[in-house]
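Record features, source TrEMBL:
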- 13-19, 41-43, Arg305, 331-333, 419-421: GTP binding site (BINDING)
- Asp14, Glu15, Gly16, Lys17, Asn39, Ala40, Gly41, His42, Thr128, Arg142, Gln224, Thr239, Arg303: IMP binding site (BINDING)
- Asp14, Gly41: Mg(2+) binding site (BINDING)
- Asp14: active site, proton acceptor (ACT_SITE)
- His42: active site, proton donor (ACT_SITE)
- Thr299, Ile300, Thr301, Gly302, Arg303, Pro304, Arg305: substrate binding site (BINDING)
Amino acid sequence: MNQITVVVGTQWGDEGKGKLTDYLAKDVQYVVRFQGGNNAGHTVVVDDKTYKLSLIPSGVISPDTISVIGNGVVIDPNVLLKEITSLQTQNIYPKLLISQRAHVIMPYHIAMDEALNGYQDNLAAESTKRGIAPVFADKMYRHGIRMGDLLDKEIFREKLVKSYDFNVSIIRNVFHATFERDLESIYQEYLGLGEKLSLYIHDTEVELYQAYKLGQKILFEGAQGMSLDPDHGIYPHTTSSNNVAGYCEVGSGVGLNCEKRIVGIVKAYVSRVGNSPFVSELGGEKAKTLRDKGQEYGTITGRPRRVGWLDLVQVRQAVRVSGINEIAITKLDVLAGLEELQICVAYKINGKIVKETPANLNEIRSAEPVYQNFPGWGEMTESTKDRIKERGFTELQKTMQDYIKFIENEIKCPIKIISFGPKRNETIIR
Ligand code: GDP
């Protein structure tokens, strides 16, 4: 295994990065989140236990692995504390380090997010309303509050006065919305939260750099997916932090002058929450079947996701912008039982065949999918799954093998990991 591995989503998130991160984590010393916040949700299933994670890296289930929340992540301390407690009740005691440079989501960020969501209507992705965009905006305005600030009473007050005043003025005077909390109650509450988390707050950038220099193995876990990246995704229907693999250095503070194993997670079909053009979207009964079978309801919000056929225009772009050198394909079992499958190989825009996602929103809105058809595969019983685990790729049904080979040939990237169920052991390496 390489010293540095990065796991990223190639679609709209929910590809199964949590499962794959857990699968790869047993061989590394550190697992690092480098962007996003509690707008991400990951599910890890080990034996008969299911773990729901949001801010803590999915490597946390491996007992010897150190979990790092890097400087590029934004943290709601109340949510983080709940997640730590919930893991502890499942007998997982996180070896957790939180960057002192990670920004803090404050109550007024959540109120601002509510107000913004109404204002933006159809432009912008539907927000999870967790305060993510406003906290990243404050970071760029340069009046954000960082985890380390919660440990310094004077600095925290100085920064809070500015940040509170700015945000609450906009909430009240621009959006004419209510925000009841006064500065003092927030100050006292967040000082208390800082104290509770103080044992985890750390100079993670230095620790990771030292680990890197010592040759220790580090796994970076991306949240969301390429089409939600604010630079490379379908802007403005995106999230608020970059999630392409290159961002792992910015969001963890470690310069990685080395070759990396960059694993792109591709779900065998596509799903997304919220509005934005979705070229290969399915409707009607087919969509309902796929949604229910794939459990395509938001981990955090419970919202039903839109679903569609695998889109290789999207995956091709993800391979290019993240420098992906290996693919893990997930949820092949969900497609089992369908007679015919389709893969979107290109878009037709104004009569022209296009193989790259256009930057222009109108062009992508008018894009039609160009499909290639494939015969499906039969249901995967427990005994077929056991045979696959034992003997590997050649035990997969021929139609599934062909589906996989077609994809890797189209995107020019090898598919090396195959996942056919949510459990850790429902995975093979090819
Ligand atoms: P992430 O955001 O990319 O980490 O993905 P999530 O964890 O939010 O969503 C993926 C969901 O699919 C989780 O419930 C996983 O347990 C599940 N999952 C992952 N891989 C597979 C698979 O190969 N087959 C099936 N049926 N479920 C899977």
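Using N, Cα and C of the backbone, Cβ positions are placed for all residues, glycine too.
Features recorded in TrEMBL, as mapped to the structure shown.
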residue	record	Cβ contacts under 8 Å, 6 or more apart
Gly16	GTP binding site	Ile265, Lys267, Ala328, Thr330, Lys331, Ser419
Lys19	GTP binding site	Thr43, Val44, Val45, Ser58, Thr330, Ser419, Pro422, Arg424, Thr427
Gly302	substrate binding site	none
Pro304	substrate binding site	Arg291, Glu296, Tyr297
Arg305	substrate binding site	Asp14, Ser271, Arg272, Val273, Arg291, Glu296, Tyr297, Gly298
Leu332	GTP binding site	Ala268, Met400, Tyr403, Ile418, Ser419, Phe420
Neighbourhood of ligand 1 - recorded positions from Asp14, Gly41, His42, Thr128 with Cβ under 6 Å: Asp14, Gly41, His42
Local Cβ density at Asn39 (IMP binding site) - other Cβ atoms counted within 10 Å: 26
Greatest C-beta neighbour count within 10 angstroms, which of the binding-site residues Gly13, Gly41: Gly13
Residue among the binding-site residues Thr43, Thr128, Gln224 whose Cβ has the most other Cβ atoms within 10 Å: Gln224
Among His42, Arg303, the one of these recorded positions whose Cβ has the fewest neighbouring Cβ atoms within 10 Å: Arg303
Span of the IMP site, taken as the largest CA to CA distance across Asp14, Glu15, Gly16, Lys17, Asn39, Ala40, Gly41, His42, Thr128, Arg142, Gln224, Thr239, Arg303 (Å, rounded to a whole number): 34
Which of Asp14, Phe420, the listed binding-site residues, has fewest other Cβ atoms within 10 Å: Phe420
Secondary structure of Pro304 (substrate binding site) (DSSP, helix/strand/coil): strand
Length of the line joining the Cα atoms of Asn39 (IMP binding site) and Gly13 (GTP binding site), in Å: 11
Rounded Cα separation (Å) that holds between Thr128 (IMP binding site) and Gly13 (GTP binding site): 14
Listed binding-site residues among Gly41, Gln224, Arg303 whose Cα sits within 10 Å of Gly13 (GTP binding site): Gly41, Gln224
